[in-house]
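As given in Swiss-Prot:
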type	residues	note
ACT_SITE	Lys10	active site
ACT_SITE	Asp136	active site
BINDING	Pro94, Val95, Ser96, Ala97, Gly98, Leu99, Ala100, Gly101, Gly102, Ser103, Ser104	ATP binding site
Amino acid sequence: MKISITAPAKINLSLDALYKREDGYHEVEMVMTTIDLADRLYLERLDEDKIVLDVKAHFIPEDRRNLIYQAALLLKKRFDVKMGVRITIDKHIPVSAGLAGGSSDAAAALKGLNVIWELGLSIEELAEISSEIGSDIAFCVYGGTALATGRGEKISALPNIPGCWIVLAKPSISVSTPTIYKELQVDNVEHPDTQKMIESIKNGDLDGIFASTGNVLESVTLEKNPQVKRIKDRMLAFGAEAALMSGSGPTVFALIKQYSRAKRVYNGLRGFCEEVYMVRPWSEGENDTNINN
């Protein structure tokens, strides 16, 4: 059996860290949504008991360091799977960008393996299992728009956000998420209004969504990396209704209602930033799985 499955990137419309927990993680409130910048995974069931990864991108491991490999290994051990799998990944999501590319790939792998290994797991069971690998993966299993709490693994679905344009810009730097969280001072930052964001999404209020964006991690990443702030400022100067860093960075995204204005923001970033994308929110039904027996 062979299948292919799409793994969309995500952005954080709001990201709040409330306090540091006893287990070392931060208690978070994040509103996230998937976008139509996506990787594609191709899975082939093997009779031989092995996991083979083929990543069509540089600098991405094809062994146990890869979340996809970890996802496959976890399912094999948990359900005593004797079959193997070959997974080919066609990468489009930037690496180490704050867009959950690795987490989305792992989520897609879990869903694909559930099919080709005929495990019969529900989406809820897959999401619960995914939390053993990484905090962002549960959201990526569900996709769409959702509130994530706990350390990010507790997911409450929200309506999809209204149609708009999203311009992404990633500078040629990398950011360490553990370092950013370690340096975050939760008592000394402005916190986003998560409830207002949720209400705006439920009401389909795009202006309210724009006004409610916020990310406490900007207080650390922008201070350490001034080029991230310059990208955000440039987006706003070219007409973005809102601009925010996604995750711990370094990618910044702009939210824009009109195509013409979005194109102006996009053109204003090209040449200024190494990687620039113009995308839309992910639509229901786009996260397709194709099966070939």
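Keep in mind that glycine also has a Cβ here, set from the backbone N, Cα and C atoms.
Taking a C-beta cut-off of under 8 angstroms and a sequence separation of 6 or more, Lys10 (active site) has the following same-chain neighbours: Met32, Thr33, Thr34, Ile35, Leu99, Ala100, Ser104, Asp136, Phe139, Cys140, Ser246. Neighbour counts were taken at the CB atom with a 10 A radius for the binding-site residues Pro94, Gly98, Gly102; the maximum falls on Gly98. The Cβ of Ser96 (ATP binding site) lies under 8 Å from the Cβ of Ser174, Val175, each on the same chain and at least six residues away in sequence. Excluding the listed site residues Pro94, Val95, Ser96, Ala97, Gly98, Leu99, Ala100, Gly101, Gly102, Ser103, Ser104, the same chain places Ala9, Ile93, Gly247 with Cβ atoms within 8 Å of the centre of the ATP site Cβ atoms. Counting every protein chain shown, 29 other Cβ atoms lie within 10 Å of the Cβ of Ser104 (ATP binding site).
Here the Cβ of Ala100 (ATP binding site) has 28 other Cβ atoms within 10 Å, regardless of which shown protein chain they belong to. There are 28 other Cβ atoms within 10 Å of the Cβ belonging to Asp136 (active site).
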